[in-house]
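Trainee: There's a structure below that I have some questions on.
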Amino acid sequence: MERGRGMGKTALLAVLCLCLRGAAGSDPEAEMNFEGIESKFSLRTPAEPDEDVCYLVPGQMDSLAQCNFNHTSKTFVVIHGWTVTGMYESWVPKLVDALYKREPDSNVIVVDWLVRAQQHYPVSAAYTKLVGKDVAMFIDWMEEKFNYPLNNVHLLGYSLGAHAAGIAGSLTKKKVNRITGLDPAGPTFEYADAPIRLSPDDADFVDVLHTYTRGSPDRSIGIQKPVGHIDIYPNGGGFQPGCNLGEALRLIAEKGFSDVDQLVKCSHERSIHLFIDSLLYEEKPSMAYRCNTKEAFEKGLCLSCRKNRCNNLGYKVNRVRTKRNTKMYLKTRAQMPYKVFHYQVKIHFFGKTNVTKVDQPFLISLYGTLDESENIPFTLPEVSSNKTFSFLIYTEVDIGDLLMLKLQWEKDTFFSWSDWWTPFAFTIQRVRVKSGETQKKVVFCSRDGSSRLGKGEEAAIFVKCLEQPVSRKRGGAKKASKENSAHESA
């Protein structure tokens with residue numbers, strides 16, 4: 001009897017232990033099947049950002065200790081895109097190095113899915129589902145086994161890797177903190193449903209850079225539609241400054257589309273370098289502005305920072321979440337640092353006769369307290385008498401507070417008999433300029449009350465008016481505000 005009671009207690013304790021283990025989920029490795037994971041997770045080091053020194057292996061606890069994984073710091077997970085060579089591209093170590101320079105104590109993990117990424121594009125695109133699943137299982141393992149907070153996890157995916165990051169975020173048991181999509185791939189994803197591509201629901205915050213969205217939506221290298229909480233389109237999301245369009249077209253004509261990977265690389269990959277720029281040049285953040293269309297942005301109608309209408313590009317983006325996707329635009333330089341300074345210019349052209357000219361070339365020069373920027377070219381699609389025109393210009397240097405500007409109307413590159421018989425000229429009294437970066441507005445006056453602006457003639461000079469008008473009539477101000485808000489709203 002004593003033996004029987006003892007055996008009963010032992011059996012009862014065993015059952016109780018099993019129940020407790022099952023309820024607490026204390027053995028996640030028993031519940032997870034890591035055998036199907038083909039992606040590799042390389043924990044890069046600051047000393048060797050271009051080398052796969054140590055791999056973290058899901059299900060193997062000792063790999064975390066062997067690779068010196070920091071359990072108390074941020075973790076960046078970098079996911080590359082489609083590859084022709086089957087090798088890492090040169091941007092990978094550059095991004096790793098920049099992340100460590102900004103966050104020295106962090107963990108920077110590079111996801112290696114090169115074998116799957118080297119297939120024909122449609123095949124590799126389909127593999128993003130499996131890669132996303134691999135990454136999700138890896139993240140869940142870290143969270144469940146070590147109670148690693150997913151608030152410390154930031155996924156960064158380029159091209160196809162952006163969609164793999166989105167799928168991973170949708171599959172984790174708890175949401176990761178942030179996903180940054182670096183020009184997410186367009187083909188096969190432009191019209192895809194949210195579960196199989198990057199979407200705002202995949203993380204607490206999703207920000208996206210679109211740098212190569214040329215052509216029809218189904219043929220655009222980068223996805224055109226907004227897929228995050230904030231979607232930023234540098235230079236309209238089209239061809240990027242410094243990327244030689246003429247050379248690309250020449251190579252296409254000579255070699256066809258066999259080398260398309262190299263031809264589109266410059267603009268497509270610019271998304272990565274813009275993010276790297278935000279890591280390295282913390283003191284020179286690029287500013288983006290909310291706008292409905294790039295056409296409205298080109299007119300300078302969206303340089304407002306009211307109610308979160310402007311934001312930093314890249315790492316230090318302000319996390320603004322709205323009910324709808326927020327589209328933002330900005331201009332950049334051709335190389336690092338990419339920051340420029342945006343200005344809206346408004347001019348009213350007075351004329352005795354009703355004259356309209358199209359596609360007119362102009363030059364504007366700005367002079368300020370810190371520097372100057374001369375002969376900035378811009379083209380007005382239309383110039384008409386007795387009408388106000390607004391347009392966007394930008395400078396690559398910080399001019400400081402504006403003091404003076406010059407405006408010149410260039411001659412056409414072709415000869416026009418009408419210009420010879422009836423030379424065109426307008427009268428300008430004032431020029432209004434608004435800075436996007438400082439939000440300051442300045443009104444410039446002609447020294448003589450009004451200045452003649454003639455085609456091919458000398459530049460008209462305007463200086464800062466002695467008395468800056470506060471505002472127009474209240475009704476007019478409200479109307480102007482409503483018009484700008486219509487363009488800026490997302």
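Each residue, glycine too, has its Cβ placed from N, Cα and C.
Here the structure is a predicted model, which means the values were calculated and not measured.
According to Swiss-Prot, the record shows the following:
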DISULFID  C54-C67  disulfide bond
CARBOHYD  N70  N-linked glycosylation site
BINDING   A194, R197, S199, D202  Ca(2+) binding site
DISULFID  C243-C266  disulfide bond
DISULFID  C291-C310  disulfide bond
DISULFID  C302-C305  disulfide bond
CARBOHYD  N354  N-linked glycosylation site
CARBOHYD  N386  N-linked glycosylation site
REGION    417-421  region 'Important for interaction with lipoprotein particles'
BINDING   R430, V431, R432, V433, K434, S435, G436, E437, T438, Q439, K440, K441  heparin binding site
REGION    430-434  region 'Important for heparin binding'
DISULFID  C445-C465  disulfide bond
COMPBIAS  480-490  compositional bias 'Basic and acidic residues'
Trainee: Reduced to three states, what secondary structure does DSSP give R430 (heparin binding site)?
Mentor: strand
Trainee: Any idea what the Cα distance is from C54 (disulfide bond) over to G436 (heparin binding site), rounded to a whole Å?
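Mentor: Given the Cα positions, C54 (disulfide bond) is 46 Å from G436 (heparin binding site).
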Trainee: Identify, among the recorded positions S199, N354, N386, T438, the residue whose Cβ has the fewest other Cβ atoms within 10 Å in this structure.
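Mentor: Sparsest of the recorded positions S199, N354, N386, T438 by Cβ contacts within 10 Å: N354.
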Trainee: Taking Cα-Cα distance, which of the recorded positions C67, N70, A194, C243, N386, R432 are within 10 Å of N354 (N-linked glycosylation site)?
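Mentor: Those close enough are N386.
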Trainee: Can you name the disulfide-bonded residues among C291, C305, C310 whose CA is within 10 A of the CA of G436 (heparin binding site)?
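Mentor: Among C291, C305, C310, the ones whose Cα sits within 10 Å of that of G436 (heparin binding site) are C305, C310.
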Trainee: In whole Å, how far is C266 (disulfide bond) from R430 (heparin binding site) when you measure between their Cα atoms?
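Mentor: Counting only the Cα atoms, the answer is 41 Å.
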Trainee: Taking just the CA atoms, what is the gap between C445 (disulfide bond) and R432 (heparin binding site) in Å?
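Mentor: Rounded to the nearest whole number, the Cα-Cα distance is 9 Å.
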Trainee: Can you count the other CB atoms that lie within 10 A of the CB of K440 (heparin binding site)?
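Mentor: K440 (heparin binding site) is surrounded by 11 other Cβ atoms within 10 Å.
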Trainee: By CA-CA distance, flag whichever of D202, R432, T438, K440 among the binding-site residues is nearest to C310 (disulfide bond).
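Mentor: Minimum Cα distance from C310 (disulfide bond) across D202, R432, T438, K440 lands on T438.
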Trainee: To the nearest whole angstrom, what is the C-alpha distance linking K440 (heparin binding site) and C305 (disulfide bond)?
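Mentor: C305 (disulfide bond) has its Cα 11 Å from the Cα of K440 (heparin binding site).
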